[in-house]
């Protein structure tokens, strides 16, 4: 950063802190934030030349302590004054044009209030305003009042290590935050206990009462339930009574039974309402079932293992004995998978195995595979949240496809064009609920799905469908599934910024048709940032890569031949034969790149000469090169382009002169 001065016609001088890479428009926004005139009334002049909005300060050779001159144009007819009400109730007045986009208005507020653009949500007449829509399209006029909500990203963590990114308002109530946590962590609000900075958060307050700000980590702890279990042994009237809490694992319950009854825990199977309890689960996971009796099933150690293959491709391993009947196999399937025996058909070699047949009589041996036709599972309910925030209940079965679930919803007069999303994954029509791991009481979301594009290191463009709630990690996982690219090697870049795994598509303002850069970073590689006049490109490199090798990688990605590239690091020209380690370049280092190009110049002697130049060459440098090549250039000669005389202090890129 550096300090510069801006002098007005009235003689007043403003002091600004700027970066040499700031555009002229950004500088104007900073002037406006200092109670200066609106951007569209400002005209900045430096060294006698009017400065253009899209150019950077460095293009005009603005350095520390430089003085710019500010002139005012007449206020345009469509300029309007707006009132923006902050969360505190305080109202700030800003000037804008009706043609301005909401994103530009947010930039003005960022400069004026210091609230980052991505943390702002603007509302008008109860509707949230989208970044790419103009004020006029929103119906905003002179004197309109907008509401400003400050949204900050936080992370909610469980004690098991799960992490869920959330976007919340700074003054949002704790009760509303708990509802958001329920959607991602599947923990009902009444069971949530929130901890921040080592202190509990009370339901009756708001987040800002506890100093919660951007990047905060809040821990959610499940409140414990206590259960009095009455466990009956299979084919016996003997009961075992236990008192456990919701945090107790099923494996721990089995060990408690072993202590009381002597039955080895690894021979036990526990079922609740036909659902086989998994060792790794805690009892709280089965909270909705524990009102029924818990049955303990004792089975002998199996003599060998057979495999059951379902129509969906899922394979179940089953321990059996030669004397077991097919009916016994179905009972075990019922205990483990909750599928009633009358809905199961077991087949081997295309033959249906009858219930009374014994395993040995069916020709099954260790390692045999049989086919299991599941028919229709028992029904259960799921919840679907619409884009309006309404939650509906849908009765389904595990065998239903997503297409069938949508058809059921439409029969319920629920009209929608969005896609169903579960666990951050867009569900495809051909998948079954079983394929998607959707179970009883799970919450699905209806979300708008749109296509984005990713440009890989070879220049290939990949099309991907995403939802706004997808995290960047979800996008990478989809990319891994679609293209086979390892998730941990992927780096996604947007507008020169690397995107963080835990943040969402909506957080970065990614819209339909957005183009992201995809960089693959393999073992031993790291990222460097290559800045040209017009864009920023990230490359995956190794410490022993030569400058020549880096140019080749840039050529593959951007199509600029190596002989037209001039790479610098910390203002030092990098030689082709030297490596990145020779220059001390490491992860996230920034390199500069100037593009060489061929230029043709007509000189007075009716000759045309060609020159090799860089886009950052000044007109004065080009004139010197003309003289060196032709030997005929005189002091009174001037260069013209498109009928316009070129200022010797400006660069070729300033005049958009290219190959």
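Note: Cβ is positioned from N, Cα and C throughout, glycine not excepted.
Feature annotations, courtesy of TrEMBL:
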- 2-77: domain 'Ubiquitin-like' (DOMAIN)
- 80-150: domain 'Ubiquitin-like' (DOMAIN)
- 152-223: domain 'Ubiquitin-like' (DOMAIN)
- 227-287: domain 'Ubiquitin-like' (DOMAIN)
- 304-379: domain 'Ubiquitin-like' (DOMAIN)
- 380-446: domain 'Ubiquitin-like' (DOMAIN)
- 450-525: domain 'Ubiquitin-like' (DOMAIN)
- 526-595: domain 'Ubiquitin-like' (DOMAIN)
- 597-659: domain 'Ubiquitin-like' (DOMAIN)
Within the domain 'Ubiquitin-like' (450-525), count helix residues (DSSP H, G, I), strand residues (E, B) and coil residues, in that order.
15 helix, 28 strand, 33 coil
When only pairs 6 or more apart in sequence are counted, do the domain 'Ubiquitin-like' (152-223) and the domain 'Ubiquitin-like' (450-525) reach 3 or more Cβ pairs under 8 Å?
yes
Touch test for the domain 'Ubiquitin-like' (597-659) and the domain 'Ubiquitin-like' (380-446), at least 3 Cβ pairs under 8 Å:
no
Would the domain 'Ubiquitin-like' (80-150) count as touching the domain 'Ubiquitin-like' (227-287), i.e. at least 3 C-beta pairs under 8 angstroms with sequence separation of 6+?
no
Averaged over the domain 'Ubiquitin-like' (597-659), what pLDDT does the predicted model reach?
78
Give me the DSSP three-state residue breakdown of the domain 'Ubiquitin-like' (2-77), ordered helix, strand, coil.
17 helix, 28 strand, 31 coil
Based on DSSP, tally up the residues of the domain 'Ubiquitin-like' (227-287) by helix, strand and coil.
20 helix, 23 strand, 18 coil
